[in-house]
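So the structure is just underneath, and the comments pick up after that.
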Amino acid sequence: MNKSVAPLLLAASILYGGAAAQQTVWGQCGGIGWSGPTNCAPGSACSTLNPYYAQCIPGATTITTSTRPPSGPTTTTRATSTSSSTPPTSSGVRFAGVNIAGFDFGCTTDGTCVTSKVYPPLKNFTGSNNYPDGIGQMQHFVNDDGMTIFRLPVGWQYLVNNNLGGNLDSTSISKYDQLVQGCLSLGAYCIVDIHNYARWNGGIIGQGGPTNAQFTSLWSQLASKYASQSRVWFGIMNEPHDVNINTWAATVQEVVTAIRNAGATSQFISLPGNDWQSAGAFISDGSAAALSQVTNPDGSTTNLIFDVHKYLDSDNSGTHAECTTNNIDGAFSPLATWLRQNNRQAILTETGGGNVQSCIQDMCQQIQYLNQNSDVYLGYVGWGAGSFDSTYVLTETPTGSGNSWTDTSLVSSCLARK
């Protein structure tokens, strides 16, 4: 999860025209308990995302209503509209899903991954059927929530049994592959995510720590294993931080080349930037400029997708239950402009909040914006389900009972697509 501590607070100004107040584009214009302006600025209309939150959507012409309060476990009808300032995107983002965590447990932000702390989301991991049922969760998310993608975090050390630069460990990769195959069997896209923060046991890859050759060896083996699987998505690294971005981009280039040369010639590859992959810092910290130079061996950038994260709490750390921002003005709007100008796309592979009203409000608004700008945003992946239990502050793990599952309020209100 994102550990950046650069808060981005939503600017919520109110414009006054004559005697009647008008709300700005993307501002709140209604909902239970709302006492502010209900008239929207010219060119936008008030659309209801849930009973507690309505928003001024550019280009919208109708007001829609939710079928239920957002705290319930059933499905919400959410508004979609097309912005007059961007290409038509009424169908929304292509990919929506959740992180299925567990193989990454034990990994810390210095790239140390204690393999004994791995808690795989595989129900029958030890033959006793008492582990979290990550495959069952994914089946529910696909069948009941219309999800199409899952990110499967795993520690580098786990995959090679702590042998830096070594071969994939046959036992470890067979266990992890059970989760990948379970994902693929559902028709979903499956992101193989190395959850090491651009490090191995404190050393930065290609910057005094592991060599680029040691890192590309890992990815060459993974790409070779999944070369025939068109729906396996290669997530190069989770949340690089405090790296030299130009040197890191050179490392990323070597990985992309290695993946393509291993036979995975057309699958999606995620390109992660500095500063914990912050969507708000992606342009300003030089990640956008540096990673724009990364290409496929043929010189194209086909299916090379920028990989960003963004949480909604006060310090963007993803550690608080309450949310304070929808990230539109501070992150996703300026990034959308840059992506359009440069003919590129991004995917949000971590985002989350508590199962409380402030997060339902802000997350639904954030997701709505991504759907409105699906020409540049391919999708979103919430954090997190899998081996997280109900006590985790950002849990998105559904509760299973027999053959049925009940979603958390944030998932049912905002992340689900049905």
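Just so you know, the numbers here start at 1 and follow the chain as drawn.
Backbone N, Cα and C atoms are what each Cβ position is placed from, and that goes for glycine too.
Copied over from Swiss-Prot, here are the features:
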- E239: active site, proton donor/acceptor (ACT_SITE)
- E350: active site, nucleophile (ACT_SITE)
- C107-C113: disulfide bond (DISULFID)
- C183-C190: disulfide bond (DISULFID)
- C323-C359: disulfide bond (DISULFID)
- C364-C414: disulfide bond (DISULFID)
- 22-57: domain 'CBM1' (DOMAIN)
- N124: N-linked glycosylation site (CARBOHYD)
- Q22: pyrrolidone carboxylic acid (MOD_RES)
- 58-91: region 'Linker' (REGION)
- 63-91: region 'Disordered' (REGION)
- 92-418: region 'Catalytic' (REGION)
- 1-21: signal peptide (SIGNAL)
- prompt: Measuring Cα to Cα, how many angstrom lie between C113 (disulfide bond) and C359 (disulfide bond)?
  reply: 30
- line: Out of the recorded positions Q22, N124, the residue with the smallest number of other Cβ atoms within 10 Å is N124
Query: Once the DSSP letters are reduced so that anything not helix or strand counts as coil, what is C359 (disulfide bond)?
result: helix
Overall pLDDT for the region 'Catalytic' (92-418), taken as the rounded mean: 98
Message: Taking DSSP as the reference, which of helix, strand or coil describes C414 (disulfide bond)?
response: helix
Query: Name the residues of the same chain, 6+ apart in sequence, whose Cβ is under 8 Å from the Cβ of C183 (disulfide bond)?
result: I100, I135, M138, F150, L152, C190
Task: Would you mind reading off the Cα separation of C364 (disulfide bond) from the residue listed as 'pyrrolidone carboxylic acid', to the nearest angstrom?
output: 22
- prompt: Over all shown protein chains, what is the count of other CB atoms within 10 A of the CB belonging to C113 (disulfide bond)?
  reply: 27
Field: Nearest recorded site to E350 (active site, nucleophile) by CA-CA distance, among recorded positions Q22, C107, N124, E239, C414
entry: E239
- request: Could you round the CA separation between C323 (disulfide bond) and C414 (disulfide bond) to a whole angstrom and send it over?
  value: 14
Query: Which of the three DSSP-derived classes (helix, strand, coil) applies to E239 (active site, proton donor/acceptor)?
result: coil
Field: Cβ neighbours of C107 (disulfide bond) where a neighbour is any other Cβ within 10 Å
entry: 26
